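Here is the structure we will look at, set down as structure tokens.
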Amino acid sequence: MASRKQKSTRPSDNELTAGSGGELHPTTRDTQNALTTNQGVLISDDQNSLKSGARGPTLLEDFVLREKITHFDHERIPERIVHARGSGAHGYFQAYRDAGKLSCAAFLQNPKVKTPVFARFSNVAGGAGSVDLPRDVRGFAVKFYTEAGNFDLVGNNIPVFFIQDAMKFPDLVHAVKMEPDRGYPQAASAHDTFWDFISLMPESMHMILWAMSDRAIPRSLRMMEGFGVHTFRFIDAQGKSTFVKFHWRPKIGTASVLWDEAVKICGADPDFHRRDLHDAIERGDYPEWELSVQAFDQDEADALPFDILDPTKLIPEELIPLQPIGKMVLDRNPDNFFAETEQVAFHPGHVVPGIDFSDDPLLQGRLFSYLDTQLSRLGGPNFHQLPINRPRCPMHNFQRDAMAQMEVPTGRVNYEPNSLDPESPRENPEAGFTTHPANQSGDKLRQRSPSFMDHYSQARQFYRSMTQPEQDHIVNAFAFELGKVETVAIRRRMLGHIDTVDGALGKQVAAALGMKGQADKIKPATQPIDLQPSPALSMLGKAKPTLAGRMIGILTSDGFDAALLDRLQRAAAKEGAVTQVIAPRIGGVKSSSGEMVQPDHALAGAPSVLFDAVVLAVSEAGAEKLATNPAAIDFIRDAYAHLKVIGCVEAADLLLEKAGIEQDEGVVSLDSNRGASAFIEMAKQGRVWPRADSMSN
Ligand code: HDE
């Protein structure tokens, strides 16, 4: 056997051995890149298991093989029962100003302090390996590592929830997940068990309207709003409580994809959202959100036409405005997906002095559930010691031992009170967390408050607050989802609920399903009322022209105009957009000046659904070739059907013709010198909505 090459090197922490006189001296091996077992034994051969003879059986004695395989066998931990598929990033939160009037929370006091955060965005229904763009609610969870302990704001991208009481959560989740006998559908609510449950739970109607809206198919995790959903409390230094609702608003605005895009993106790039977040942070385009609260007292709460403890209701911001309190910037990708994004353990019960709970019965149930789930997901009660979960402030107590203990607590004292160690941790009545002394009294009973009984008014308000395209999408979403429901009685029941939400909506959905006049008659527990529409609920209504963070796909062919590409790239960069060059082949594309350009994508792997706007920058000869390429025709047809702005050189006319496209205001000529900027101006407006009408005529 060849002798092991030995070098004397500087010792590392885990490589010191005690020498004479207690002195530590280095072992004689190169630890920089030595492959070892988990016990630190150098490995001589990582290619072959130990066998009895070169062709003989493997020996049980091979501890190197067994350790490696055993570790591998246990690499996965149980995935989250909901929100299994998620993407995370590090960053910071910075308060705009001292929020002491509302809350004494340490991280809200000093605008100079940047509090580290870790955010995780997630899908709810699908497994960890499912796709990014099913129709689904998105989780929006943020862990603030504050100087007074960890605060987790575990919210969603929709401000209300399906159910009012934690008792129904397991049923809801069972109903939406794959059906238990057949094991499908994965990551999809369009099946009988989900709609059966929903049709029997009128309290879910408000959330269902949101789930059928564009909110459930976001364009990017960076373009989602986030909500704390429940009413929480802020507590000031004097102990005064103010109710608050939390809101996150993305700096680059909200945006969604169309349903047909969502379906196609799931095939073209199942990691569309995860990649988008990762790439944006890698290129220094850091996503940013503003955190606001709606703050109100008991009198204001009492004046609202619904109960602030009911998580199926929101407070229109036209009634109680948003007060911005700070911003979150995500500026660092995780180093390791498993160690950070997978092992991060959020819990709405992780609050700090200055923040407290309300009696919302859904929140109360969550306060039990999250700690409990971490025990089985992360293997025991020491998950707070994992680097991603550890508080960044000092942490001392007498909790000891248990599975996966990673600390070595010292000393004789592991109890309190004690007299043996005066330095050991003690409680702090002044600065310690004190629960707001809300007065509680009442009979013990299992009952839903009568103040929770109006299930339709806010659903109606939501629908009536949408713009026309948004309303159309809701109709289409219902038609798609209910179209997948096999049981006719469930469809009829749902049509009855939708009718109760809004008669016109009900008619359109029934017509789309070919089920006119078949809606069940629903008898609401409380008759719905007509609330004032809330324009702030519409994403399109409040969208500002922008290309920030958006992606432009430029389809090229050999002989493309290099100067035009340069103009486009510069104009797009000025608006904060990213351009990507697509070519027939990944090996390269030759510009008109003979320069070989390395494209970002081959056409076959870059359908137009991956971009917000597209450009056809082809040469005449290139257009002729592409005219016989189905991927090129699909690229254009889809871009047009998805109401995208299309920039074209004259040579692309042949392709437009082949794709059967009628030129409209959204098809912008790039042939003049002003072409690139005209295209950018048009693309900033977003989708070409009038085209939807002309296409449906
Ligand atoms: Fe969750 N939820 N949830 N939830 N939730 C979990 O915790 C639960 C609810 C939310 O990125 C689980 O660690 C109950 C509302 C997010 O790791 C679990 C109820 C809202 C995430 C759990 C709710 C959320 C979770 C699964 C009703 C929005 C992902 C794994 C009483 C305000 C956090 C885990 C992450 C995850 C329970 C309802 C948001 C099982 C019992 C309402 C963003 O503990």
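Cβ from N, Cα, C; glycine included.
A quick note: this is a predicted structure, and the numbers were derived from the prediction, not measured.
Marked as region 'Disordered' by TrEMBL: 1-30 (among others).
The annotation domain 'Catalase core' is assigned in TrEMBL to 36-424.
Same-chain residues at least 6 positions away in sequence with a Cβ under 8 Å from that of Arg120 (heme binding site) are, in sequence order, Gly86, Ser87, Gly88, Gly139, Ala141, Thr341, Val344, Phe346. Sequence annotations record features per position, and here TrEMBL assigns heme binding site to Arg80, Arg120, Phe169, Arg366, Tyr370, Arg377.
Residues or ranges marked as active site in TrEMBL: His83 (among others). Around His83 (active site), the same-chain residues six or more apart in sequence whose CB sits under 8 Å from its CB are Ser122, Asn123, Val124, Gly139, Ala141, listed in sequence order.
Residues or ranges marked as active site by TrEMBL: Asn156 (among others). A C-beta separation below 8 Å, combined with a sequence spacing of at least six in one chain, links Asn156 (active site) to Val137, Arg138, Gly139, Phe140, Gly226, Phe227, Val229.
Beyond the region 'Disordered' (414-450), the same-chain residues lying 6 or more positions past its ends with a Cβ under 8 Å from any Cβ of the stretch are 164-165, 233, 235, 239, 241, 307, 309-310, 351-353, 356, 359, 396-398, 400. For 414-450 (among others), the entry in TrEMBL reads region 'Disordered'.
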Maximum Cα-Cα separation in Å among residues Arg80, Arg120, Phe169, Arg366, Tyr370, Arg377, which the record lists as binding heme: 21
Surrounding CB atoms that lie within 10 Å of the CB of Arg377 (heme binding site), all protein chains: 16
Mapped DSSP class for Arg80 (heme binding site), helix or strand or coil: coil
Cβ neighbour count (within 10 Å, all chains shown) around Arg80 (heme binding site): 20
Under 8 Å by Cβ from Arg366 (heme binding site), same chain, sequence gap 6 or more: Val154, Ala166, Pro348, Gly349
Neighbour count (Cβ, 10 Å) for Phe169 (heme binding site): 17
